[in-house]
Amino acid sequence: LFFSFRSSAKLVAPLGCLVSRQKHTLPDLPYDYAALEPHINAEIMQLHHSKHHATYVNNLNVAEEKYKEALAKGDVTTQVSLQPALKFNGGGHINHTIFWTNLSPNGGGEPKGELMEAIKRDFGSFANFKEKLTSVSVGVQGSGWGWLGYNKEQGRLQIAACANQDPLQGTTGLIPLLGIDVWEHAYYLQYKNVRPDYLKAIWNVINWENVSSRYATCKK
């Protein structure tokens, strides 16, 4: 009886947190929709943020509500069936929340300090790193993301590609530092089907201060 009581008590807190959890919300952009022009135009940014990202947020909230109900009922079958929706919409929310901060109208150029030293150490040079991340991003089949991540176990930077909205850390274990969205909705209105042109342009608005800050945080 004592063990049973202890076990039940442990469940109260997580379920209570789930019940009282605030819904996910669409984050504000730290700049105007037109701020990244001419590299990414205002129409793309507005649709990408206010429509696409908003849809992931809304669908994530719906999936989590259904999951909460299934959890309360002990309905494992429904919990399992909701995993793809949680992964897709949760990943879409996570990825885009990072992506907006990875970009800046004052971006471009090259990183400085510890991040630059780590890039030289792990890729030989900034030029090699840029070429490799661009190549991996161009090579994503269909929709997905190119990422610079941090491998905490090995203490080094790694480049990876993720399909669809798969979140980097949740699917590879790498901590996300810089993500490049290569879904067509991120560039098609401006660059049509020429993904390499979009990837060439996006380097002009990469917010290296944000990427460096993420690197410093994950090294602690």
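Backbone N, Cα and C atoms are what each Cβ position is placed from, and that goes for glycine too.
Quick look at what TrEMBL annotates:
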type    : residues             : note
DOMAIN  : 23-104               : domain 'Manganese/iron superoxide dismutase N-terminal'
BINDING : H48, H96, D181, H185 : Mn(2+) binding site
DOMAIN  : 111-214              : domain 'Manganese/iron superoxide dismutase C-terminal'
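Features as recorded by TrEMBL, highlighted on the structure.
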residue : record              : Cβ within 10 Å
H48     : Mn(2+) binding site : 23
H96     : Mn(2+) binding site : 24
D181    : Mn(2+) binding site : 25
H185    : Mn(2+) binding site : 13
* For the recorded Mn(2+) site, enumerate neighbouring residues of the same chain (Cβ within 8 Å of the Cβ centroid of H48, H96, D181, H185, site residues themselves excluded), in sequence order. => H49, H52, H53, F99, W183, A186
* Asked: Under DSSP, the domain 'Manganese/iron superoxide dismutase N-terminal' (23-104) has how many residues in helix, strand and coil?
  -> 58 helix, 1 strand, 23 coil
* Structure fact -> The predicted model's mean pLDDT over the domain 'Manganese/iron superoxide dismutase C-terminal' (111-214) is 98
* To do: Count up the helix, strand and coil residues in the domain 'Manganese/iron superoxide dismutase C-terminal' (111-214) according to DSSP, in that order.
  => 54 helix, 24 strand, 26 coil
